[in-house]
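> TrEMBL lists these features:
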- A:15-218: domain 'ABC transmembrane type-1' (DOMAIN)
- A:12-41: transmembrane segment (TRANSMEM)
- A:53-74: transmembrane segment (TRANSMEM)
- A:94-112: transmembrane segment (TRANSMEM)
- A:141-162: transmembrane segment (TRANSMEM)
- A:201-224: transmembrane segment (TRANSMEM)
Amino acid sequence: MNELLNFSEDELLAIGLSFRVAFWCAIFILPPSVFLAWWLARKQFRGKSIVEGFLNLPLVLPPVATGFILLLLLGTNGLIGKYLDEWFGIKLAFSFYAAVIASMVVSFPLAIRAIRLSIEMVDPGYEEAAKTLGANSLQTFIRVTLPLALPGIISGFVLAFARSLGEFGATIIFAGNISGETQTIPLALFNEIQVPGHETAAFRLLLVAVVFSFAAMSFSEILVKKLHHRK
Amino acid sequence: MHALSARLKVQKGNFSLDVEVNFLKEITGIFGPSGSGKTTLMHLISGLEKPDEGHIEIDDSLILDTSKNWNLKSRKRKIGYVFQEGRLFPHMTVQKNLLFGSIYADKDQQNIHFDEVVDLLEIRGLLEKRPKSLSGGEKQRVAIGRALLSAPKLLLMDEPFSSLDVALRRQIIPYLIRINKKLGIPMLVVSHDLPDLLSLTQELFLLRNGRVEGHGNYFDLIQSEKSLEIMRGAGLMNVIPFKVELHDVENGLTHLINRDASHEIHVERELINDCCKVGDELNVSLRPEDIAITLNEISDISIRNQLKGNITKIIKKENRTYCLVDVGFLLIVSITQASQQKMNLAVGTEVYCLFKSMALQINI
């Protein structure tokens, strides 16, 4: 039993890194997903399905392919990455930031979906009422829509966090598998499985992954229930 | 001077609205069956919908003119909108709901203060509560208070009676009358319930299929066949203002007297409750079907209310006959065509209108 809690330094590093990546991923993803979710929930425009299809692409695209696209765009010789390097000396690929970006792209559709659902459940009648009382669109959004959709927004944050903890394919392509820098729990787990005799270590990481994923998903479900309850 | 004048045209699928309306400073009722365009009209006035063509002025300031491409946004129109379902923000307490709009209102135009509104609508006990725990009538009063505190120049009320159950629905009336009288805010009240609307105001606009089919005083309207046709299905009603003359405690009766003191009617004291003092004014409603007509005064009958008058108009609709009788004020009486023929009733005939005091409804 003790063996299961006896984490090595590399494993602890991977766990810590995973949480850091997941945290920053969820934080950075929140503002654009809230905005896009509101836009998709409340506005009708031509080509909406195309925008939706594009935003949902990472949900069905093999993560390895997503990672490859990121590499082509943001890699040191990539379409955008080349200029980032030339002009600002920024090298994104195979860094901590690459791990965060890979996670963000993959979690984006999940966060938008959860937040959009919660905004759609806010009766537009409340927004109309706010407008007749003198509030402009932004004030209405902040004082009425946002608080009423809050459980869904937190749920979107948690989902993005959880999805990031499990991210493997895009990360290994775009960020690599560098211990202490880009090696998150799934990547460390992959390494341990590859090496004969490291089953206990693999099992330790498996346990961590299961416990935290389960906790995050349950929390998200509770928030969704709360949202329904409020209505 | 008109509080609001509007000319509006809009096409929505198969439905089209094309109206011209002018409202005075008092309370105006907009009556129409469902689907007649009442809510669309309210939305257009408040700016929640945009007309294809239109022009709106409130207190002589221009709100909308499509020909000049001028369209003031909802939030800048200073129109309080009390929605049918109240639409109180569920995540805020009553107090926060009430104060929602006041931060956007011009301070110098805010002639109504928080405490005044709270007292007027009797909602002080609710301030810390959430909308969820309020009754229908309480929600509605809070919604009215919230609209008032945004310093509106005009108050729109969408079906204020229909979200309440029958026993409570008329409780809102005295509050509305108080607001109009004390604060001088003109009010537009939309309803498909004619008796309820009439107990609030007799100034009406009749709306059908997106068109104004008549407007003016109720008693003028019922003299037109077209208006009568629209109102008939919704329950015609006599609404007469009376004043309390005396409480006859011994016989358990209250004597009411009409405006020019020409007629007196007697009602059971229970109907009045104890809320009316001598000299108080109240509206009495009476259904046209609850009035009987005789050619002579009848002395050996239990009915005490017998008002003498002349028939001024007879309108036949299907197998009912509506007689308008001038008894000092106008009464609509509904009788069968058979009775009318048998009694040989015609314009000018002198008749007595009989009704039991239990048939009266009192609106304080």
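Glycine residues also receive a Cβ, built from the backbone N, Cα and C atoms like all the rest.
Tell me about the surroundings of these features in the structure.
Sequence-distant contacts of the transmembrane segment (A:12-41) (same chain, six or more residues past either end, CB-CB distance under 8 Å): 48, 51-52, 55, 96, 99-100, 103-104, 107-108, 111-113, 115-116, 119-120, 141, 145-146, 153, 156-158, 160-162, 164-165, 167, 179-185, 187-188, 205, 208.
Panel annotation: around the transmembrane segment (A:141-162), residues 22-23, 25-26, 29-30, 33-34, 37-38, 104, 107-108, 110-115, 117-119, 121-122, 126-127, 130, 135, 212-213, 216-217, 219-220, 223-224, 226-227, 230 of the same chain, lying at least six beyond its termini, place a Cβ under 8 Å from a Cβ of the stretch.
Tertiary proximity for the transmembrane segment (A:201-224) is limited to same-chain residues at least six positions away from its ends with a CB under 8 Å from its CB atoms, namely 3-8, 11, 14-15, 114, 151-152, 154-155, 158-159, 161-162, 165-166, 185-186, 188-189, 192-193.
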